[in-house]
Amino acid sequence: MAAAKSSIKTATPFFLVLYSTMILFFALPCFSSDPDPLQDFCVADLSSTTIVNGYSCKPASKVTSSDFFYSGLMNETSTADPFGFGGTFGDVTTFPGLNTQGLSISRLDLAPGGIVPLHTHPRASEANFVVKGEVLFGFITTNNVVYSKVMKAGELNIIPRGLVHFAKNVGQEKAFVLAILNSQLPGFSILPINLFASSPAIPNDILAKNFQVDEAVIASIKSKFGN
């Protein structure tokens, strides 16, 4: 019974904050990223070969209730990777009902000491709600100023659109974060992978010059991103 009460207490503020955040993203023009929809809905036709700024609409006659519901964020994701980070991305490619709605919601799981590597979302601002654990969040402005804080369960932050940011689980247990972005497909540009695992590869001498190191150092770093 005590566990059930604790679960209710935890869930209630979680849903209140999530609901408030979604209302904020939908209601305020300053949070708008994707174009406004011109109809009630436009469930993405992921099989269409038509290239548009977004996805073509599935014919209304083929739309069902299941197009507007998504259970992909329910289960914890594996953190067994070099970063100690796992994610389930609830964007238009996995949840077609988001098409034209200007919203995506993702689940982030972090092992103790795990990080979300330095990255950007070029098409969206991001609000992060810590459901469980202690997570250091930070972002870097174009003036090279870092803003950061260790967040605990129940806290919310905002990452301005396009800015480089990061997260690290600084607690002793796994952390669980919900990331809400104001784009159906915000983009996820991971800096170390962009720089050291691009295809075709960025020439070693250019990276060496940027980082002021020998080319051998760059080659060594690239070898860690071989897969």
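Including glycine, each Cβ sits where the backbone N, Cα and C put it.
A quick note: this is a predicted structure, and the numbers were derived from the prediction, not measured.
Lifted from TrEMBL, the feature list:
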- His119, His121, Glu126, His165: Mn(2+) binding site (BINDING)
- His121, Glu126: oxalate binding site (BINDING)
- Cys42-Cys57: disulfide bond (DISULFID)
- 71-219: domain 'Cupin type-1' (DOMAIN)
- 1-32: signal peptide (SIGNAL)
Same chain, 6+ residues apart, C-beta under 8 Å of the C-beta of His119 (Mn(2+) binding site), given in sequence order: Val164, His165, Phe166, Phe188, Ser189, Ile190, Leu191
Winner by Cβ contact number (other Cβ atoms within 10 Å) across the disulfide-bonded residues Cys42, Cys57: Cys42
Listed in sequence order, residues with CB under 8 A of His121 (Mn(2+) binding site) and six or more positions away: Ile159, Arg161, Gly162, Leu181, Ser183, Pro186, Gly187, Phe188, Ser189
Pairwise Cα distance for Glu126 (Mn(2+) binding site)/Cys42 (disulfide bond) [Å, integer]: 23
Cβ within 8 Å of the mean position of the Cβ atoms of His119, His121, Glu126, His165: remaining residues of the chain near Mn(2+): Thr120, Ala124, Phe139, Ile159, Leu163, Val164, Pro186, Phe188
